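Report on one structure; see the data block that follows.
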Amino acid sequence: MNSLIRFSMKNVAAVFIIVAMLFGGGIYASTGLKIDNMPDISFPLVLVTAQYAAPPQDVVEQITKPIEKKISGMERIKSISSTSSDQISSILVTFEEGVDTDRKKADIESLIQEIAFPSGVERPRVSTLGVASIPSYYLAVYGGEGVTQSQLEDHFTKTIKPGFQALRGLDHMDVIGARSTHLSIQLLPDRLRSYGLTPAQVSEAVRNALASGPAGTVELEGNTLLARMNNGLTSVKQLEEIAVQSPQGDMIRLTELGKIAEISESKFIARLDDQPAIGILLYKANGANAVEFSSGADQLMSQWESDLAGVTFKKVYNYADEVKQSIGGLVREGLVGALLASLMILVFLRNMRMTLIVLISIPLSVLIALLLMKWMDISLNIMTLGGMFIAIGRVVDDSIVVIENIYAKLYRAEERNESVIALATKEVANAITSSTLTTVGVFAPIGLLSGPVGQLFRPFAITLACALMASLLVALTVIPMLAKLLVLKQANVKGHEAGEHKPSRTTTGYRKLLEWSLNHRIKTLLISILLFIVSMVAVVPQLAFTFMPEGTPPRQFFFTIKLPYENSLKATDNVMKELEAELRAAKDAQNRPLFTFIETLVGYGGDPNAMPYMAQIYTEVNEEANVEQVKREYKAKLETYIPAGSELDTRTLTGDAGAAPDFVYVLSGEDAVQLREAAAIIKQEMMKFPELTEIKDSLSEASSEVVIDVDPRKARQFGLTPAIVQGTLQTWLFQDKIGEYRYQEGLLSTVVETEKGLSGDLSAVGQIQLRTPTQETISVADIATIKRVKSPASIKRDHQKQVINVTAKLNGQNKGGISAQVAASLDLVQLPDGVGRSVTGISADIGDSFGQLFVAMAAAVFVVYLIMVLTFGNATAPFAIMFSLPFAAIGGVLGLFVTNESINITSLIGFMMLIGIVVTNAIVYIDKAQQLREAGQDVRSALIEAGISRLRPIIMTAGATIMALLPLSFGFGHGTLISRGLAVVVIGGLTVSTLLTLVVVPIMYDMIARRKRDKNQFLDQQGNGVAPLTEGKGTSS
């Protein structure tokens, strides 16, 4: 430290150059930082999805279980959970923290390739989950006047889609409503039966006719040339002439068996304000700059609206707008905090030069932090900015202590010179180094936090630590150098100090309070302890416990609608049109449209896989509306339009859980009957809690399926097996993808399918013809019974066991407390043998995250104590200082109570910060007392003089921190959601702890000193010599 101080005093020009370089480097770094709303959070999750046209039970047996078994042997897997629904299997693999999920994704893809799936299974899709799993831009494109749907789709296919796919920073995009064209050979069942043909025979004939490709090699003129065969088919007319041989040997033309149609259709339907549209969801890649990504998309759309006449884009939601609002709001409130802290310092110092010297630490510390953020590739987001602005009040503390001591020394010095400034800086160097290191040290245990909480707060901690360490460097180098230039020869130093050292009412009052407290140590401590107990016992139970603070709901949101599983895309669309009409008719109190736009995506459930029974309606309420009230009101209204067994909920577009249940009780076991029984018992118990709503279990959803029960005896009579019957049925009931056909200068996929009417009546299924080995024709009804039954809509599994999730929504702010109460009650319920149980949802999130944070806080206390022991060179003085910590909790808890804030992970981080912040005042106090004792004063006199000497800098540093945090605690702007609870805790804790520290810490120090003195006297009487109370580092008791 001494060498740094000497260097800055002797090399003023060099320090100015270094400062200028840091200013320039920080400004340059700030322009190149990635801008985002939140830190990049990657989850150790890999999702496997596979489509298979089968009911849930078959999906489980033929898709889900083989995949689970294949990947279960991979290293570092924590859990495998799956959901098997109609036509789709979703398997979520959770790995241990720190796993390279991209590598695991590749490993899973390799393993899946080894599985022999049934025919008709599309290649499973493997993806990681993270930022790229949440859309960054929701938009719709539609045609204006004079633009047909075909023209719009042509523009989309040729220009818009390729343009977005080339957009820098794009991970992938979902397209909803764009039609694709294929040739459909639609066979008439009656015609097939009359000729004794099956769809499989027709498919084989068409496949043979469309064959083309390499035919070998030909030697020509001494050269070997590749030969290729073309089928010669170039028109639909030629396709119609393809001949199919009947069992009687007749050649039947394709046109006699059905018709060939060019079909343009989409597996989704998209509308914007009742107009056909194409919905587009853009997903930003991990690490991409959100603002640059959005700007690139905006430029493309602006260009297309100019180049493509009549094409219009509607921006439904832009994540970058939220980023700009959050960052802008946080910057505004941070700057207001910096201004308030500056005014606070000016009021106390009453000297413009001193104030300016102190304030130089704010921009310089922030710019150094930005430079280090750039070097560490940390983005600028509300967490890192929050850390930076929370540090603003603290970065001036070291500078205040240094400049105050410099002024005091210059006032008392007989001769003012550089050595006085250097000596004054050295005198407090130990104290400010220790106090800064303790504040930084509390964030070391943040590294112990795992999961999203650790990833969320690690950049916050790093940024704050960088700013604080920079402020220490500034206080030890730049501040004394500026004092040399601006203060050393200042004529009014003496006058300033003379005025300051006249006993003020505050100083006189504090002296009397401190003397009284030292005379009544036990009484004072009992009062302090009573305050602590009362605040913990009376106030803490009144506070709500939540996982994350809840902010102002955004005006954009969407309804998710899930109809019964058997609903077709058309049936779902008809219901959605009714819901759209209700929303379009909605008016506010001023008779203005309540919703600014309505975009509907039918068949879309947030996944590229089509779900005909699902839909989403995106909208935005006008600026005057109460968002939560509108959500509740129209959720209830729209539910009256949807059929029984449907689900409707609201979600925001910001990637939150939205409709995810607050409370999930998981039952697991091997016996499905026992699981159903257990689920019924748990649901009955949950209904006793009025705070729980929408109670249901994952088996209560049911779908219809057609079951064809083959009679083995009858089948054997005709020489048939179930496999032969199944194969024939599939050719009648599935589309058979033949291949691609060159048509009108393009390639069209070609499918063979039976007329849609076949699926409208169970008797039509019974009339499907089967051909026996003896070439006899029979119908399915001859060997099987056909019935429609109800079955589970989805089957859930966890750790390769079937599970049932019993879920509920929680009413009330104290979701954590309610969840814990419900879970405790349910754990006492007797369940059938073999049924396991566990709790997930908010209760589990709170338990896991709070547990980690409490461990981190305990570790932070030990880190702070260790730093102080190393600084003071003994363990007793730091022990006295540690008594300031419990009283910080009083203020933090009272702050949350007064502002009606909940205890959540952000407020707990505030309590962790207090561990490092509140001891800084006590360190400055005790360090001064140590120096006075070293100079020969007794303990009591040293404590009183140290208190009077350090009163103003302690109040000033605490006040500067409080004033800097005030705007963040009000939370008026965007982006302060995370910072608000943290700021409230720090303000409350610092206020109370500062007042009590000035009294309680001296008492504890005095009591420890007396105890050690008495012990020394006793040992001296026994003839033994003992070292004084404090040793090392040049300090003593």
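Using N, Cα and C of the backbone, Cβ positions are placed for all residues, glycine too.
Record features, source TrEMBL:
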type	residues	note
DOMAIN	354-485	domain 'SSD'
TRANSMEM	330-349	transmembrane segment
TRANSMEM	356-376	transmembrane segment
TRANSMEM	382-407	transmembrane segment
TRANSMEM	428-448	transmembrane segment
TRANSMEM	460-483	transmembrane segment
TRANSMEM	525-548	transmembrane segment
TRANSMEM	853-872	transmembrane segment
TRANSMEM	879-899	transmembrane segment
TRANSMEM	905-926	transmembrane segment
TRANSMEM	954-975	transmembrane segment
TRANSMEM	981-1005	transmembrane segment
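Counting residues per DSSP class in helix, strand and coil order gives 116 helix, 1 strand, 15 coil for the domain 'SSD' (354-485). Under the criterion of 3 or more C-beta pairs below 8 Å, with sequence separation of 6 or more, the transmembrane segment (525-548) and the transmembrane segment (879-899) qualify as touching. Listed stretches 382-407, 853-872, 879-899, 905-926, 981-1005 were compared with the transmembrane segment (356-376); the greatest number of C-beta pairs under 8 angstroms is found for 382-407. Long-range Cβ contacts of the transmembrane segment (460-483) within its own chain (Cβ-Cβ under 8 Å, at least 6 residues beyond either end) map to 1, 4-5, 7-9, 12, 15, 19, 357-358, 360-361, 364-366, 368-369, 372-373, 376, 378, 383-384, 386-388, 390-391, 394-399, 401-403, 406, 421-422, 424-425, 429, 432-433, 436, 439-440, 443, 446, 909. When Cβ-Cβ distances under 8 Å to the transmembrane segment (428-448) are tallied for each of 382-407, 853-872, 879-899, 905-926, 981-1005, the top count falls to 853-872. The highest tally of CB pairs under 8 A with the transmembrane segment (382-407), across 853-872, 879-899, 981-1005, is held by 981-1005.
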